[in-house]
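S.K.: Pasting in a structure now, in structure tokens, and then I'll have a few things to ask.
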Amino acid sequence: MEIRCKVLVCHIILLHSATVYLYSVPASQQNPESVVVSVTNISTHVGDQGFLTCESYRMVWTQDNLMDRQRVVHWDLYNSQGVYRGERLLDMFSAGEQRIYKDYNQRRISVSESAFQDGNFSLVIKDVSMIDQGLYSCNLHHHYCHLDETVRVQLNITKSERKVKIYWDGEKIVIVALVHSTVLLPCENHDHMWTDRHREEDQQVVHWDRQAPGIPHDRADRLIDMYASGERRAYGSLFLRRKMNVSNSAFSQGDFTLFIPYLTRGDEGTYSCHLHHHYCGLHERRIFYLSVSDRPKTEEPSKTNSDSAPAIDSNVVQENKVINVTIQESRLHFFQQLGYILATLLLFILLLTAVILITRKHQKRGYAYNLNKPQGKEVNMQEICLRPPDLIQYKKEELRIDYKNNILKERAEMDRVFAPKNIDLDLELRKEYCK
């Protein structure tokens, strides 16, 4: 029984050493060449300000004041016996002891104390039982480098020695172990950021390069070098060093934007921002194509000379240019115009009222007499119409007498004396009206 358990452990170690890189996620770029993560085209004008943005949160440098507690490994059990559960088994920091969460697992599960020196984070489980089967997860966290890696191992328990085996299912290692035996769940990572503690501040560097138009990348000019330790190097002339600048707090914020306060035509070219974190395995490059053009000229109206008038070409048809000028009216002018309108409207109403009154009065009096003649006293029309003496007297005056000759007729007319009579024309008109 013990011999078979030892043989099983040897098989697990051999299988893990042969297949560890099949399921381990690489923590860093083994290729020292920078990876181009972005390409940006920038077009601007002469005199503008230029901002070439280059940011990365992984380049933020924080001093390790907790004695390298920025690396941690922990093992979790995700499911057991077909029932989902998330259970933390143990964890261990690079500068501390390992912590086991359940008393049941004390002295039964463990991780090598030299895991952060040799890179072996495998979990050893003694006297396995049916409650131990499930999906195990080995989690590595590097808070300084912002790295997270996970390795999963499936553990199944059997009571038959013939079913004991180890195989790869395409996603993870599957181990079928015999009950009450000792099992090793493999998890290894030998990258230097998990095994060694270098001087991180000496391995973080950022530099800016510039290529003039037509210059290849390998002949680019270096502008600025910056280190996390605070050292800074600027290249080129004093004017160029003062003109192009990066913030002094770049490593504390992860912002390495290049600022150019006043752009000229000579600033055109290709700019490259290189970010290198050798400890964390970060190598990135961002490319900027900067083009600077002159500002468009605004045409000013030409001044005409009144003394010398240009010759008029008869073949050219002159266009009449009309300029509309709008003057904003004041509030006082508005009230003045409103007063004019109201006064005119009031005068019109008065005239209309006078005409209506005169027309009605004229209709009552009639249209047969003159309005300008003074009015007489009112006379009853029935009395006038029923006065027979006047009518008789009027008829008597119309009588004709036959005379023998004309001489006697003339004498008779001359001898006739008519009594004076007052005639009221207004009364006569009313008589005629009564007839």
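The chain as shown is numbered from 1 upward.
Using the three backbone atoms N, Cα and C, a Cβ is placed for every residue, glycine included.
Per Swiss-Prot, the feature domain 'Ig-like V-type 1' maps to 32-158. As annotated by Swiss-Prot, domain 'Ig-like V-type 2' applies to 156-293. If you look up Swiss-Prot, you'll see Asn41, Asn120, Asn156, Asn245, Asn324 marked as N-linked glycosylation site. Under the heading signal peptide, Swiss-Prot lists 1-22. The topological domain 'Extracellular' annotation in Swiss-Prot covers 23-337 and rests on sequence analysis. Summarising the annotation, Swiss-Prot assigns transmembrane segment to 338-358 and lists sequence analysis as the type of evidence.
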S.K.: Which one, from the glycosylation sites Asn41, Asn156, has the smallest tally of other C-beta atoms lying within 10 Å of its C-beta?
M.R.: Asn41
S.K.: Quick one: give me the count of other CB atoms within 10 A of the CB of Asn245 (N-linked glycosylation site).
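M.R.: Asn245 (N-linked glycosylation site) is surrounded by 15 other Cβ atoms within 10 Å.
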S.K.: Just give the helix, strand and coil counts over the domain 'Ig-like V-type 1' (32-158), going by DSSP.
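M.R.: Split into helix, strand and coil, the domain 'Ig-like V-type 1' (32-158) gives 13 helix, 67 strand, 47 coil.
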S.K.: Long-range neighbours only, meaning 6 or more apart in sequence with Cβ under 8 Å: which ones does Asn120 (N-linked glycosylation site) have?
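M.R.: Result: Ser112, Ser114, Cys187, Glu188.
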S.K.: Could you measure between Asn156 (N-linked glycosylation site) and Asn245 (N-linked glycosylation site) for me? Cα positions, answer in whole angstrom.
M.R.: 60
S.K.: Roughly where does the domain 'Ig-like V-type 1' (32-158) sit in mean pLDDT, to the nearest integer?
M.R.: 86
S.K.: Cα distance, Asn41 (N-linked glycosylation site) to Asn245 (N-linked glycosylation site), nearest Å?
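M.R.: Rounded to a whole number, the Cα-Cα distance is 20 Å.
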